[in-house]
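**Student:** So Swiss-Prot says this about it:
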- Cys116-Cys130: disulfide bond (DISULFID)
- Cys123-Cys135: disulfide bond (DISULFID)
- Cys127-Cys162: disulfide bond (DISULFID)
- Cys129-Cys151: disulfide bond (DISULFID)
- Cys137-Cys149: disulfide bond (DISULFID)
- 113-166: domain 'Oxytoxin-type inhibitor cystine knot (ICK)' (DOMAIN)
- 59-99: region 'Linear cationic cytotoxin domain' (REGION)
- 1-18: signal peptide (SIGNAL)
Amino acid sequence: MKFALVLLGICAFYLVNATGDLETELEASELQELQEALDLIGETSLESLEAEELEEARKFKWGKLFSAAKKLYKKGKKLSKNKNFKKALKFGKQLAKNLQAGEEHEPGTPVGNNKCWAIGTTCSDDCDCCPEHHCHCPAGKWLPGLFRCTCQVTESDKVNKCPPAE
């Protein structure tokens, strides 16, 4: 264990030094670009820059922007009347709500219409999750503090190993 910590420290030290050198190279190139920009500004008067900006604003096609916005609004209004879109929106809202409710709570607490934990909820084993879900731990057993285990949708290679309730 001590060897692993020493190795981790050496790797961290190496990464800090490597990124430090990279940062100084980036800072030097950014400083050069800034110096060139300041030289350019020094050569050009502010009045001519303002005149150029005003001319660009006058040339801009505001009518095209407004017509595109109007078309986008009409498409959104048409989509909002579509039944499939409404179903997808409802599903998305429910999924976001389930993911947002990913805090720990007592097993058996109602989540929606179920008496089990929602997808994305922190879990300790498969028995915390609904029968059609499983408890997934991305970090395995070696680092549970860094990545929490959550209830996930059961896929073909994963199964809920909790014994059925009697």
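Cβ coordinates are placed from backbone N, Cα and C, and glycine is handled just like the others.
Looking at the shown structure, can you explain where the listed features end up?
**Tutor:** For Cys130 (disulfide bond), the Cβ neighbour count at a 10 Å cut-off comes to 21, with all displayed protein chains included.
The DSSP secondary structure for Cys123 (disulfide bond) is coil. Taking Cβ-Cβ distances under 8 Å and a sequence separation of 6 or more, the neighbours of Cys123 (disulfide bond) in its chain are Trp117, Cys129, Cys135, Cys149, Thr150, Cys151.
Residue density at Cys127 (disulfide bond): 16 other Cβ atoms are found within 10 A of its Cβ, drawing on all protein chains shown.
Within 10 Å of the C-beta of Cys149 (disulfide bond) we count 19 further C-beta atoms, all protein chains included.
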**Student:** Out of the disulfide-bonded residues Cys127, Cys137, Cys162, give me the one sitting nearest to Cys116 (disulfide bond) by CA distance.
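**Tutor:** If we rank Cys127, Cys137, Cys162 by Cα distance to Cys116 (disulfide bond), first place goes to Cys127.
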**Student:** Sorry to bug you, but what's the C-alpha spacing from Cys162 (disulfide bond) to Cys130 (disulfide bond), rounded to the closest Å?
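**Tutor:** The Cα atom of Cys130 (disulfide bond) is 10 Å away from the Cα atom of Cys162 (disulfide bond).
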**Student:** Among the disulfide-bonded residues listed here, Cys129, Cys135, Cys151, whose Cβ has the fewest other Cβ atoms inside 10 Å?
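**Tutor:** Counting other Cβ atoms within 10 Å of each of the disulfide-bonded residues Cys129, Cys135, Cys151 gives the minimum at Cys135.
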